[in-house]
Amino acid sequence: MAQTEPNLDHDVSWFLLPSYWAKMVVALISFLCFANSYDGDFVFDDSEAIINNKDLRAETPLGDLWHHDFWGSKLSSNTSHKSYRPLTVLTFRINYLFAGGFYPVGFHVINIILHCTISVLMVDVFSILLGGLQFTNKGRRLNLAPKTSLLAALLFAVHPVHTECVAGIVGRADLLCALFFLLSFLGYCKAFRENKEGHNFSIFWVLVSVILGAVAMLCKEQGITILGLNAVFDALVINKLNVLELIQKLLHKDKSLENAGLLRKGLLFRITLLMSGGASILYIRWRIMGTGPPAFTEVDNPASFADSLFVRAINYNYYYSLNAWLLLCPWWLCFDWSMGCIPLIKSVSDWRIIALAALWFCLIGLICQALCSEDSHKRRILTLGLGFLIIPFLPASNLFFRVGFVIAERVIYLPSIGYCILFTYGFSLLSRQAKKKKILAVAVLGILLINVMRCALRSSQWRSEEQLFRSALSVCPLNAKVHYNVGKNLADKGNQSAAIKYYREAVRLNPKYVHAMNNLGNILKERNELQEAEELLSLAVQIQPDFAAAWMNLGIVQNSLRRFEEAEQSYWTAIKHRKKYPDCYYNLGRLESEALFLKAIKANPNAASYHGNLAVLYHRWGNLDLAKKHYEVSLKLDPTAPGTKENYNLLRRKLEQLQKKGGA
């Protein structure tokens, strides 16, 4: 079975390397792009998906992974993200067990190896997509586009938009999904190895492809789209189907559909296998996940909450244009694009409508060429390029269900395959027309070099949260979450004054940002600015009544203001919304013990033991001034109390040490 295609390499001035060396070059360059991320920290979402995920611990039964989401929550929970990726979590667990704890180096090394492996596989994938599928008599696949497949694989390997997937450990989900996605495609191609009849195919390899597609989906949801792409590839490359001709025959109810290629060589049977497998996989996943959709908030994806269908449609299309721009010009990259980073388009007078027009002008032009061109090779390349660009992106498009983000660079990992196909095909067309082909090749080489440097720079930014969060300030200055994360990072390092500035900006940008209010209120509480702290925390629980942490912190502030009954009510409200809340039970115990001691002292102010025990309580809490006061009252009432005198001396020494540090 010879599936020959015109030679795309003929007019291209590029490196011609044997397959082995081409793959070695791709592997080396992809490694160089992201090697400096190997010793990075756990950053951003890594904390929730790895450090705080109980599914990684040895004491958690392996069976729980199949009933929990990516973050370790039960899928049946109303708060579950519904992201079902048990195989990805399993690899995290293996990392954790082999490392003997949460050491990020091993996690990062696996991510880098995965990207290098995927980039190497891309050489084979692009050789098929660009050069066609042809086998020797011995069943060995031929590479009919060695130069362009190498170029496309290099473009993929060094694309800066992939940095989040490689340098961010949580990106493991996208990498594993891509690995099995490609293996599914290559497995499907093996079903058409040449045999004596020339028209038979291997049902075994078709079924293997379906199984690998299922594995890809168990790593990340996008993986299921490979089954649709395998069907498209079968129709266009194996059966050389003319889509426009088929549509015309269907519209005119032409009975000669077999001549149009629909039934040739078992196409309909194979598509039935693919679709049946895909439907079965989706049904099983739906049953495991439950019928309820994931719960997202307006700040996660504001366009999806817009009342107007027009506003939703316009903004979704604007998001698509921004994703396309990130593929074309991946210079402005950000770890998070939500919370006001991209203001909503609310009218057609908004100049950003131009981006939508440009996107659809290009897409319609490409689609017309893909359908109507007289060149069958051009039709197939453009359709495959558009297919690999669009189909893997569909789960993130908001068309079928609401997603929990505005833009996420990680979801462009698979669609970038389509971009690389279109870029490489465009380069071949330009090379055909250009008189000085070497100048064009040097320009493309320059693009690759710039991308390598951009990858290295972006990887270094992903090494620590401080660098990552600060890098986003210039890209998304309107993103409240960016300012919040910078502030949180500063607060964790003890720089409260700087943290306050960023928390205030986060609240200014998003007046309903309860987490920023809670953290800011905490810092103000520690700085004894209790009035403003109470106002912020009260507003936070008013906006989100089930925010347990804010209720507890409000109780602490009210306790400091000596409003014990209100504090007790706040603590109980926190416990109501979070049953397992040891910190809140501890604070409630502290409150009740202090209140009882004060009540006892009020009834009998001359009992030395009452004052002494209250002093110990304050001493443990770090409220040293009140501790000193009650120690002194206790000793005045009973100078011989040995325990009180010893504790008082310890307190005095501590106060002297603090005074010396302050003086220094």
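Note: Cβ is positioned from N, Cα and C throughout, glycine not excepted.
Whatever TrEMBL says is automated annotation, not expert-curated.
Look at TrEMBL and you will find 292-364 tagged as domain 'DUF1736'. Residues annotated as repeat 'TPR' in TrEMBL: 480-513, 514-547, 608-641. Residues or ranges marked as transmembrane segment in TrEMBL: 20-38, 112-132, 144-163, 169-189, 201-218, 267-286, 353-372, 384-405, 411-430, 439-457.
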Cβ contacts the transmembrane segment (353-372)/the transmembrane segment (384-405), at least three under 8 Å, sequence gap 6 or more: yes
Candidates 20-38, 267-286, 384-405, 411-430, 439-457; stretch with most C-beta pairs under 8 Å toward the transmembrane segment (169-189): 411-430
Contact ranking winner - 112-132, 267-286, 439-457 against the transmembrane segment (411-430), Cβ under 8 Å: 112-132
Cβ pairs under 8 Å between the transmembrane segment (20-38) and the transmembrane segment (267-286), at least three: no
Among the ranges 144-163, 267-286, 384-405, 439-457, the one whose Cβ pairs under 8 Å to the transmembrane segment (112-132) are most numerous: 144-163
Per-region confidence, the repeat 'TPR' (480-513) (mean pLDDT, whole number): 93
Counts by DSSP class (helix H/G/I, strand E/B, coil) across the domain 'DUF1736' (292-364): 36 helix, 0 strand, 37 coil
Sequence-remote partners of the repeat 'TPR' (608-641) [C-beta within less than 8 Å, at least six residues beyond its ends]: 590, 593-594, 597-598, 600-601, 647-648, 651-652, 654-655
